[in-house]
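Data first, discussion second: the structure below is written as structure tokens.
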Amino acid sequence: MREMLKKIIMDNRELTKKGRVADYIPALSKANPEDLGICVIDMNNNVYTAGDYNKKFTIQSISKTVALMLAIMDNGEEKVFNKVGMEPTGDAFNSIYKLETKDIAKPLNPMINAGAIAVSSLIKGNSSEERFERLLSLFRKISSNDNLKVNEEVYLSEKKTGNKNRAMGYLLKDMGVLEGNVEETLDIYFKQCSIEVDCVDIANIGLFLANGGTILETGEDIVTEHVARIVKTFMVTCGMYDSSGEFAIRVGIPAKSGVGGGIMGAVPHRIGIGIYGPALDEKGNSVAGYGVLRDLSKELNLSIF
Ligand code: GLN
């Protein structure tokens, strides 16, 4: 396995030149576009790594999967899906225009920014600090890493420049979708996106989902199989933004990407995958990370279809 991962990283390193590091959040532009790393963890808790697997990056949109689980735990499925739909959009992750379509009246799914902001407003707690702390505790638990924390520079950078997300927050409030105070919710959303991880951390979260919502190491059930399945299904239909359809055909693994360059994969009952490659394609997915997953899927016959 180790040799195979090493070779896959080597074969795809060249692809990093085809992408660009995100710079619409200024602090993200400091990443090295040539970085590429992977971690795979199997059901016996064997950890395999290659390349720049221990470089730190911010989790960004991958956090949407975890926030969704907590919102469902806090409110139940019915309430959450009253506020946010279950359909892929075919639009960019930060698109705003369908929110104005009268017959929809809620964000189409929880993996786009509008849907994720609505979901973060549903996380319970007595203050915005407590609400975020509860979410961070869940991240720490399912990544088996008690040291996870927010990268303050990225958080402040996004808070300062996140005007489109802010616009969506206020629009969602006006539509009656977003609960509570808009700025508090945006603060939780910006912080959750700025949690700093490495490939091992997100491979562990992928493993937790692959294992049906139970932490493999401790046997602790965190969410039901049903909730874990909801998250993995969203990963298939919406996890790679508006590339999700093609990705399902070419790779066939439930996966969620983030503009920090991470991709988390969860192959049910088999492995959790964490990939880092900050050079992104035009849709916002790690360009070489996509290639790595395609090769890995072929080598290990991982497509769920
Ligand atoms: N924090 C980022 C944003 O809101 C997350 C987007 C992403 O990773 N696709 O723009």
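Every residue gets a Cβ built from N, Cα and C, even glycine.
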One of Tyr241, Tyr290 listed by TrEMBL as binding substrate at the site of Ser61, Asn113, Glu158, Asn165, Tyr189, Val259: Tyr241
Residues near Tyr189 (substrate binding site) in space but at least six apart in sequence (CB under 8 A): Ala116, Ile117, Ser120, Asn165, Gly169
Listed binding-site residues with Cβ under 6 Å from ligand 1, out of Tyr189, Tyr241, Val259: Val259
Lowest local Cβ density among Ser61, Asn165, which the record lists as binding-site residues, within 10 Å: Asn165
Neighbouring C-beta atoms (10 Å sphere around the C-beta of Asn113 (substrate binding site)): 22
Tyr241 (substrate binding site), number of other Cβ atoms within 10 Å: 25
For Val259 (substrate binding site), the number of other Cβ atoms found within 10 Å of its own Cβ: 25
